[in-house]
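To start, the structure itself, in structure tokens.
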Amino acid sequence: MHPMNRYEVALVTGASSGIGKAIALELASAGLRVLALGRDRAALDELHSTAGIVPVVFDLSDVSEVYGKIAGEKIDVLVNNAGLLTASASLVDLSEDDIDAMIDINIRSVFKLTRHVLKQMIERRRGHIFFTGSSGGLAPHPNSSVYGATKAAVSLFSSALRCDLIGLPIRVTELFPGRVETNLYRTALGKEGAKKKLYDDNEAIQPEHMARLLRTALELPDFVDVTRLEVMPTGQVVGGAQMSKLSR
């Protein structure tokens, strides 16, 4: 059976803006009932009014609290998209709170929410789990040690999860976007800082591009699992960050 004929409910985290918002809209247009989880109530309410998407206002820093909000939902598609880059800084310039926050959102919440939803997917013998990774988890970049490490952890987790699920009709896909125009970098670098460093004179992937690719992977037959989707602007190369040795 074509998976889109039996997938009914999707949960998308980090859906207030950027890639998560675009994915929520794309899945709603495909006919799924979409639960959009995020912190921005106004943004989620707008998704509800424009596309009938169900808002779930929540901060994933304590993911166990979200279980009650999705109780009774038979989730067929889980999109672990929420991510946090607190600052673009070297390790010694990050606070311990910065480190804890990135680990909480980028790793702990992903592992726990996936475990929770996966139990019901196994019982119903159907489902597709997506992870939004990052090119920052594929190669080292300056001022990105903790963020890159969290994304590398999710990448290995995604691959290992496929091993756990071998023999079950549940698919796992990781998205690897390169330079994409979202609030993630605006939060870390500031609006003008992100514009100058990343977007001026550079073409960037748009969130809608990632959403379309996710839908393509989702719509393939059950026996076809796109395990990784690595997407870069044509002018970007992973590991191409320029670094210079500084005297101390």
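In case you wondered, yes, glycine gets a Cβ from its N, Cα and C as well.
Per Swiss-Prot, the features are:
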{"type": "BINDING", "residues": "8-32", "note": "NADP(+) binding site"}
{"type": "BINDING", "residues": "Ser134", "note": "substrate binding site"}
{"type": "ACT_SITE", "residues": "Tyr147", "note": "active site, proton acceptor"}
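All protein chains shown were included, and the count of other CB atoms within 10 Å of the CB of Glu8 (NADP(+) binding site) stands at 15. Rounded to a whole number, the C-alpha distance linking Leu32 (NADP(+) binding site) with Ser134 (substrate binding site) is 26 angstrom. Cβ neighbour counts within 10 Å, taken over all protein chains shown, single out Ala24 as the most crowded of the binding-site residues Ala24, Ala28, Leu32. Burial estimate for the recorded positions (Val12, Ser16, Gly20, Ser134, Tyr147): highest at Val12, by number of other CB atoms within 10 Å. In this structure the alpha carbons, written CA, of Ala24 (NADP(+) binding site) and the residue listed as 'active site, proton acceptor' are 24 Å apart.
Under DSSP, Tyr147 (active site, proton acceptor) is assigned to a helix (H, G or I) in the three-state scheme. Here the CA atom of Ser134 (substrate binding site) lies 14 Å from the CA atom of Gly20 (NADP(+) binding site). Rounded to a whole number, the C-alpha distance linking Ala28 (NADP(+) binding site) with Tyr147 (active site, proton acceptor) is 30 angstrom.
Distance from the CA of Tyr147 (active site, proton acceptor) to the CA of Ser134 (substrate binding site) is 9 Å.
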